[in-house]
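A short worksheet on the structure shown next.
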């Protein structure tokens, strides 16, 4: 007997038949003798409809009311799934955030989880009841409904798994695991059997959409063994209920991964814009003068590269922002021009960022050099580079994204069966 | 300064523009200096969608889960209306049943209100805040969401008006008041200025759809002055904010109605079926033998007429049921035939019930005789009659419904201006 948290996203519960299918996944685990909590998102499209109404009424709406409106989507799914489970003989009940309670801070619209009291859930587990939990929502100190922001249901699931000390948190989604790279970009991409929390965190941050960054952070902190697996497979296909070795990708502590590869995956993000400030006067506080106003305007600055100019008193600063924020960023910088002091501003909206990720880089030299050579051999120009202990990110022209991803995927041997 | 509860039904909040219009109605009362609570239904169509999903998953679904699913509709509207109010400068917040709290009994799906704590609402009124309350829902003793059954938002509104000691409860709907009869049936129908609780109760019970029976009962018990008025008129048209004399129909204590008419209105219900049991042995307990099994099958028996047969040892019993329940009723009676003991069962699905309602009947003789003569003059055959202190109900062939309604409307002078 184990305790499992299962999470199903919007497409997995997108209509009544899919909810029935989810119920069969849950029944499989219950029949195997496990205690189960299920965390559900809103039916796909519902959240967007609700958000659309709130925005139509007022672009600057009260986040507390927004939460009240939007959290209803998960409420509906939780009740429907409980009904579906009962109809196939599984003892189940729905739980809203305020009933558990799942307490958050007061940041309505993007709340952080403060505390989860798992005692009521555990009491019901021991009575053989499945908890069907509305994801994405909690209760704020003002006794009002709060939501966790985009992708919040993943975060709910991992947090609940930590609170009830679950043996595993299964994230069911529309892909069947985490791949060495996006299979739509490189058909030779392979599904990873295991990936470390740190690597997954980089992948999620760097453009892999399979899991939200916050949920991976939380899983890493609380050491929640998290599986990414498909909700669209037949719930009763052979091996689906294999406790030790289910189909999908396990995200776990790196110590669990015996045969660590040097490079685990290639991520990319296509919507990058590059901004360069030429001949910025090189004095203390100049970086704060540039990036302070951008942060205040809620613009996410990513790669930052600074080159010292020939005479040492000026510098060139290059950085990237999401393409959608380019116009706003240029506007902010233009207004701050006098305060910053620079000669010229250049920008290019046609950039992409390709990243090589692997925990093995820590102990292997030459990983970066291999990437640079491989790209050079394909005549792909490198615009900027940033590195961390376990990843290398390279800015290139967007037109070369696919070529770069495939080249890097091949040069590190990721297309070969392990 | 007064305290007003305003209730808006599903068609009144059916889309974003209508929600904006409702906000203008509320703002008018706030600008006039009143303290306001608004009770809202789900956007029209939403409840049916949610109910449809629950039924599709399981015809015999858990009423607690059904409540969780269905109550989300009112939750959405409450948040959206709060946003709409804030966007036009009105201080407002949404309230769910569990936040007030509006406590109900444990009868999920058709709960009765047990207790409303109005103190938090009153505290906010005194701070100048409008309460936007999700109708139809409360919280049951198990800390789970409950719903009040069909038309529950009217009941919520009246109950909240009683709890916060409101001066008035305005029910905004898609008609502009209570009429002497259905204007689609008789174009000469006139809007009533005032109608007593007792009369409204009869009208609602007898087929007038404008208000739910339960809400009228509650208004009568707590003496809540209730206005029925239109949500589709221009919120700022002249007279709309007239506190003493707003457009619409006031439902109030009969003592408030100085010039009481003998007959106030004509109601009808077209979906009646008649069942007659011939030569039932006339012994104690035979009525219980007939109506007990029908009640257990949840069939609402309405008019009951019993005639003593010629020799005194047998009797004929005639009664009506809703047309939709006829087949089920016949089935129940057939199974109980031996226990009841009757010769023959006859039925006719083509019946209608026409009712004459008026508190003045109490002190006026001959009201019934006038009806019978008027119908006889038009060759309308009377199948059954039941009377109460303030109403006469007459069962006729459905084909004559319109003629009977118009005839009775005229004979009591209801088509003449008062």
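Each residue, glycine too, has its Cβ placed from N, Cα and C.
Take the CB of residue B:9 (ATP binding site) and look out to 10 A: across all protein chains shown you find 22 other CB atoms. Under the heading ATP binding site, TrEMBL lists B:7, B:8, B:9, B:10, B:173, B:174, B:179, B:184, B:209, B:210.
Look at TrEMBL and you will find B:47, B:74 tagged as substrate binding site. Long-range C-beta contacts of residue B:47 (substrate binding site), restricted to its own chain and to partners at least six residues apart, with a cutoff below 8 Å, comprise B:10, B:41, B:70, B:73. In the three-state DSSP scheme, residue B:47 (substrate binding site) falls into the helix class.
The domain 'ACT' annotation in TrEMBL covers B:275-359. The average per-residue pLDDT of the prediction over the domain 'ACT' (B:275-359) is 88, rounded to a whole number.
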Listed in sequence order, residues with CB under 8 A of residue B:173 (ATP binding site) and six or more positions away: B:9, B:11, B:12, B:210, B:228, B:229, B:230, B:231
Secondary structure content, the domain 'ACT' (B:275-359) (per DSSP, counts of residues): 29 helix, 35 strand, 21 coil
Neighbouring C-beta atoms (10 Å sphere around the C-beta of residue B:74 (substrate binding site)): 31
Which listed residue (B:179, B:209) has most other Cβ within 10 Å, given these are binding-site residues: B:179
Inter-residue Cα distance where the pair is residue B:74 (substrate binding site) and residue B:7 (ATP binding site), in Å: 12
Integer Å distance between the CA atoms belonging to residue B:209 (ATP binding site) and residue B:74 (substrate binding site): 21
Recorded ATP binding residues, B:7, B:8, B:9, B:10, B:173, B:174, B:179, B:184, B:209, B:210 - maximal Cα separation rounded to whole Å: 24
